[in-house]
């Protein structure tokens, strides 16, 4: 396939060559040469990728399956209906709307459906991992919902349950939000849900980062513990196409939120996501528990290995992590911005991140790194590989080795881990071309 591009590219206009060359270079670099530890990313299987690249990316299907405002959607309707069934089964009998095109769109739909402008929302604090869409600067604020943070318990690296309960009873909000984008341990859903319901509030749990762990039964299903609504992304620990879902076990809430998804926040919902999401849902049905178990074991192994190599890893007294994430304080190595930049030069991709004790204005150069092991787990890495990754990181950030030298070793190391695991052994991708569905 590379030879094909080498022969054809010179025949194209310069501006087009530049775009295609950068796309090819990106694909080769990120997919085949780097160790990706971004906690919000993953890799679809070849079969899901083949299903993703379909004619559906050109089509519209506003509305609900079998009740569209467009013709020509008979097969889209059947696939979307199957997605709703599959995801509902994986989540223990939930009503699922797969039309949000992102986790934030899912959040916006749930927040808008359950509140009015001027209502109060009590949310998990930034220290406990709240996503930007939960804040006054993000979606909540944009919907003119008053944002009130729960107290944080630094010892347990979680919400302070007793103080949060008292706050909810005092404030009597319309909405309570748990979950987020940076958290190592499950939020206390049942305790908070009971209090929320006692004051007439609804609880929304943002499971964007942990959907794959929930489906794989390695993270509590918030719907089992009192959450009224769960929102999620379909492309983090759940290794599907980029997109979002809203799930609830209340048919009434499902109908209310669905009427907000369309037409308030979504018109067409990027239909080519649906076949790929269906493929991934079936993969998770058959392989999800193995995958989620290995993700959690790898995260713990990486945390322990990094600590052994001399890094300050958060949460040691709590066992480091129960999720796919690891948090590392790299102030001694120059701070999060410097560390992330050096690691990228070494072909190790991470993101700088605020740690619980960082002030909000440190966002451009925070104390920490947020690491996620889900994608490398998907490529077959296990506990011993986490030790190797920790050694690579130590050589760059503690020993001060030339990152370009380490990058060459990382590139060679990745050659053994290029095949997606925890999926069906069907590869419709041959030499870069799709032979199954096109």
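Each residue's number is its place along the chain shown, starting with 1.
Backbone N, Cα and C define each Cβ position, glycine as well.
What Swiss-Prot lists as (6S)-5,6,7,8-tetrahydrofolate binding site is 130, 131, 132, 252, and the listing cites sequence analysis. All protein chains considered, the CB of residue 130 ((6S)-5,6,7,8-tetrahydrofolate binding site) has 25 other CB atoms within 10 Å.
Per Swiss-Prot, the feature site 'Plays an important role in substrate specificity' maps to 235; the stated evidence is sequence analysis. DSSP assigns residue 235 (site 'Plays an important role in substrate specificity') to coil in the three-state reduction, outside any helix or strand. The Cβ of residue 235 (site 'Plays an important role in substrate specificity') lies under 8 Å from the Cβ of 40, 41, 42, 241, 242, 243, each of these being in the same chain and 6 or more residues away along the sequence.
Feature annotation from Swiss-Prot assigns N6-(pyridoxal phosphate)lysine to 236; the stated evidence is sequence analysis. Taking all protein chains in view, 27 other C-beta atoms sit within 10 angstroms of the C-beta of residue 236 (N6-(pyridoxal phosphate)lysine).
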(request) Compute the C-alpha separation of residue 252 ((6S)-5,6,7,8-tetrahydrofolate binding site) from residue 236 (N6-(pyridoxal phosphate)lysine), stating it in Å without decimals. (result) 28
